[in-house]
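Residues or ranges marked as active site in Swiss-Prot: 112, 244, 274. Swiss-Prot lists 245-249 with the feature region 'ACP-binding', giving sequence analysis as the kind of evidence.
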């Protein structure tokens, strides 16, 4: 028994900040950013536009795409590291926005790997037989965690949300398998220098870029190879590779090491920047909207985030 994606939707805030605009108040330039990251712009949420608002916009699109009633949803999981409040959860607020009552709703925090984590959790809960229609969301307002004087981090991130509707599969489509991992010993590679129990503030992003690059390549490659081997798949079986959209150099290097053909690699980092847990569902929504995916296609997701947390998932469309 496995779950399948029956609908998807993405939302990006209307405000777009190009590299040239960013260079007006940050010591950087368009060439420096593009060469190192592949990013040309990012979407930034307004001061009164919160993660729950982004989540709602993407959820409404996914519900419409799935052609289900909002009342069919019996579980909400929101993957985020930028909640509106310390409590309640974004998922709980979203439940209220959607007019739903008495269904379980909770947030999952695995940063950039959140959507892959959430997919495995949602699949397990659907497999239990207790839930039939799950709304799984990746939503982030990452710009709220940025130190705008630190050009090594502030140029990388954007805001956005992506959602999917999951139901139990009645055929061979759906989640084939997934794996998730963490390594707490490496937490200082990427973290925020604050937190509720630490100092009462959210803090700003601190990153050791070169170390993170090496870990990203190593851990995502191993995760993918293990997943393919465990399920007797080869790289040639993959129709679309949707990696976490953190940095074009990571994406390209990973595709090169795995021998994944260029036309199979989905890249949205140029326009979206790094939207953390939202990046994979946003990229999926973009791919689906292009009309390229067809029934039976094999999709490969893979992500790594702070924690360190990472994992991969294989899906038959």
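Backbone N, Cα and C define each Cβ position, glycine as well.
A quick note: this is a predicted structure, and the numbers were derived from the prediction, not measured.
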DSSP-derived structure type at residue 112 (active site), helix or strand or else coil: helix
Summary of DSSP states over the region 'ACP-binding' (245-249), given as helix, strand and coil counts: 2 helix, 0 strand, 3 coil
Segment confidence, the region 'ACP-binding' (245-249), expressed as mean pLDDT: 98
Fewest-neighbour residue among active-site residues, criterion Cβ within 10 Å, set 112, 244, 274: 274
Nearest-integer angstrom distance between the alpha carbons (Cα) of residue 274 (active site) and residue 244 (active site): 8
